[in-house]
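> Summarising the annotation, TrEMBL assigns transmembrane segment to 7-30, 50-76, 88-112, 132-153, 165-184, 190-213.
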Amino acid sequence: MGFSRITGIAAIGFAITIVLANAIMMPAGLPLTGAEIGEVNAFFGTEGDIVAIASALTPSAWLLATLFGAGAVSALRRFERGRGEAWSLFGFTGLALQNATFAAVIATRLALTSTAARDSATAGGLWALHDALFTLNGTFLALALIGLSVAGLRAGLIRPWHGTLGLVSAALLFGSATLTPLVIDHTGPLGLLGLVGWLMWVAWIIAYGVTLIRLNPASLSHEVS
C-alpha cells in the first residue's frame, strides 16, 4: 500500500475518531462553552469515566492528523517547489498547532475530573482556560484549512467545491476564534460559527482523505512537469 493511500486512510480515521469522541461526550452532558460553573462541576464530578474514555481516543487522533498532513505535503510539495510556494507547509503547521492546543484542552478536562468535586474555585479557573483554548483553536484549524485548500487548488489536487468548503470553514472558525471573549460570555448564535465551521472541517478532512486514497502519483508528477 502506497504512502498516499495510507495517509488518506489516516485522514478518514482522524475524522471518525474526533466524531466518535464527541458522540461519547455530548450525550453524557458535556457543558457548552460559557456554561455556569455549577453545571461544569456536576458533569466533571460525576462523569469522570466518560471523560477518560473519550480522552483515550485523542492521542490516536493526533497521530492520524499528523500522518494526514504529511501525506498532503508529500503530494503537494513537488508542485510547490517549482513555483516557490509553501502553502502546504502553512497548512501542516496549522495541523501541528491544533494538535498541541487540543492536547491542552484534553489536559484541562482530565484535570477537571480530579478537582471539580473538591475545589470549585480551581475548577472555575480550569474551565475558563478550557473555553479559551477550545475556541481559540479555531485559529489553527483555519491555518490548516487555508494552507491545504489553497495548495490543493493550485496543484489541481482537489476540486473547486472542496477548496471552497475548506475556505468557508476556515472563515467561520477564524471568525469564532476572533470573537472568543463574546463566544465565551454570551451563549447563543455566536457559538454556531464554530460548530458549523467544525462540521465543515470534518467533511473537508474526509474529502481530502478520499482524494489521497485515489491519488495517482504518476499523474500528479506528469501534471507538475
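Cβ from N, Cα, C; glycine included.
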> Thinking of Cβ pairs under 8 Å, which stretch from 88-112, 132-153, 190-213 has the most of them with the transmembrane segment (7-30)?
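Checked against 88-112, 132-153, 190-213; highest Cβ contact count belongs to 190-213.
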> Using Cβ atoms and a strict cutoff of less than 8 Å, what residues sit near the transmembrane segment (88-112) while being 6 or more residues removed from its termini?
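Residues 40, 44, 51-52, 55, 58, 62, 65-66, 68-70, 72-73, 76-77, 80, 123, 126-127, 129-130, 133-134, 136-137, 140-151 contact the transmembrane segment (88-112) from elsewhere in the chain.
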> Report, as numbers and ranges, which residues of the same chain sit near the transmembrane segment (50-76): CB under 8 Å and 6 or more residues beyond its ends.
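Hits for the transmembrane segment (50-76): 3-4, 6-8, 10-11, 13-14, 17-18, 20-22, 24-25, 28, 44, 87-89, 91-92, 95-96, 98-99, 102-103, 106, 109-110, 112-113, 144, 148, 151-152, 155, 157, 205, 208-209, 212, 215, 217, 220.
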